[in-house]
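TrEMBL lists 1-27 with the feature region 'Disordered'. The annotation compositional bias 'Polar residues' is assigned in TrEMBL to 8-25. According to TrEMBL, the feature domain 'Catalase core' maps to 9-393. TrEMBL lists His56, Asn129 with the feature active site. According to TrEMBL, the heme binding site annotation covers Tyr339.
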Amino acid sequence: MSDENKKLTTSWGAPVGDNQNSITAGSRGPTLIQDVHLLEKLAHFNRERVPERVVHAKGAGAHGYFEVTQDLSNYSKASFLSEIGKRTPLFIRFSTVAGELGSADTVRDPRGFAVKFYTEEGNYDLVGNNTPVFFIRDAIKFPDFIHTQKRHPQTHLKNPNAVWDFWSLSPESLHQVTILMSDRGIPATLRHMHGFGSHTFKWVNAEGEAVWVKYHFKTEQGVKNLDVELAAKLAGENPDYHTEDLFNAIANGDFPAWKLSVQIMPLEDANTYRFDPFDVSKVWSQKDYPLIEVGRMVLNRNPENYFAEVEQATFSPGAFVPGIEASPDKMLQGRLFAYSDAHRYRVGANHNSLPINRPQAEVNNYQRDGQMRSDSNGGSSVYYEPNSFSGPTESAQNKPAAYAVSGEADSVAYDHHDHYTQAGDLYRLLSEDERTRLVEAIVGAIKPVEKDEIKLRQIGHFYKADPEYGTRIAEGLGLTVPQVV
Ligand code: HEM
């Protein structure tokens, strides 16, 4: 509807008499407190910001749909996967990780790839990244890790000492560090990168049979990356380069699309696979578990309002639907808590009733009240359970599938400690030019580190992944290889 001829009103709907001149005692003032429109206008402005996300603050979003291209209902009973051709609306938010809300898009950083599928059986959020692995594999390390990516408490500057100190003391990061420092660390646009669920999840079919699953979104635009000099130039000249590219592509009808495939592992293989398949610092070999296509994601509509949709969107790795469940992955388990907790703080306890987060499925439960309750709050219907008034009841067929666990309760790491093979395999896969750029990026990033001890420890990890990898970085830093082995 056009805004023409509409009366300007206060937030309580009364027409405003003057929006350019405050009520003052004569033309020289002072201003009278009775100008309630002025008071409301200033006060509302002071409250325009919600806290930015503690990570992934800078982002861009789009609406689209997911369409099933292959029937995998023998693996998952999720209703949105039930038949070929079925379309489910979705919202995606891409992001950088470490920078603030106004930071530049073209920095070297993983990109968030968070998808909300509005399925008939509730919202399914797949909150992944553009990389298949992560820097750490236990949630207990996440706050420390993120501190190293953020600003120094005194100087308020980014701090390479902290970054490389933490990574060199956390060798499980090596695989992700290698990906980050490779060409893929700076995607050309948000459209030219793959997306991954990264964790292992569980799929359960209608018979209650379960498998482990990993998700891969493959870009149909092809993978393209930015040259580092161009990225640095763009960060200065157009810090919103990726945001602008996505918006313009969709506005011009050039709708980006991704194929979604899954790797499927039989449940019992997890006990015998050569590393722990729940360890998010590892990929599963596609020779062992080939990609199986399941559908296609198309982004075809820009948000109408950035704050209402992109900023207020709340994605949670714990938002599952029947047929999709958590795995024991220790990072995923921590995330099951962290996101909804962040949403309650950042947006409020009723964040799921905002239009962008509201499921298309009916919501029936006994949660009531709370700040900014903007729906009917359950009206006069029964507000406790059990009850004798035909209130909503549980459906036993939707209980998560039971599975056996064992072991002593203790603070223990995963059994597998090979942090080097997969990082080395990745290095060996790169062309000579790609290796050169990888080494240059790492040398440039480590150079400002003050302590040689940290540099040497990190070079040792690169060396263990591949002697050539370690040697070239040592040489680039003016250190000799014998010092590091
Ligand atoms: C955002 C915590 C690991 C992907 C966030 C937020 C928190 C968080 C608190 C902000 C949420 C908000 O305010 O809306 C954690 C913790 C982790 C972890 C505690 C480890 C235990 C990961 C991993 C991935 C990931 C492994 C990817 C595989 C994302 C994405 C967002 C995000 C994509 C942005 C979501 C959006 O667009 O709103 N994370 N994170 N995180 N995280 Fe994580």
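Each position is counted from 1, following the chain as shown.
Cβ atoms here come from the backbone N, Cα and C positions, even for glycine.
A TrEMBL annotation is a machine prediction, not a hand-curated record.
Structure coloured by features recorded in TrEMBL.
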residue : record            : CB count, 10 Å
His56   : active site       : 22
Asn129  : active site       : 25
Tyr339  : heme binding site : 20
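Confidence over the domain 'Catalase core' (9-393), given as mean pLDDT on the 0 to 100 scale, stands at 97. The DSSP secondary structure for His56 (active site) is coil. The two recorded residues, the residue listed as 'heme binding site' and His56 (active site), have Cα atoms 12 Å apart. Asn129 (active site) sits 10 Å from His56 (active site), taking the CA atoms of both as reference points. Asn129 (active site) falls within a strand segment according to DSSP.
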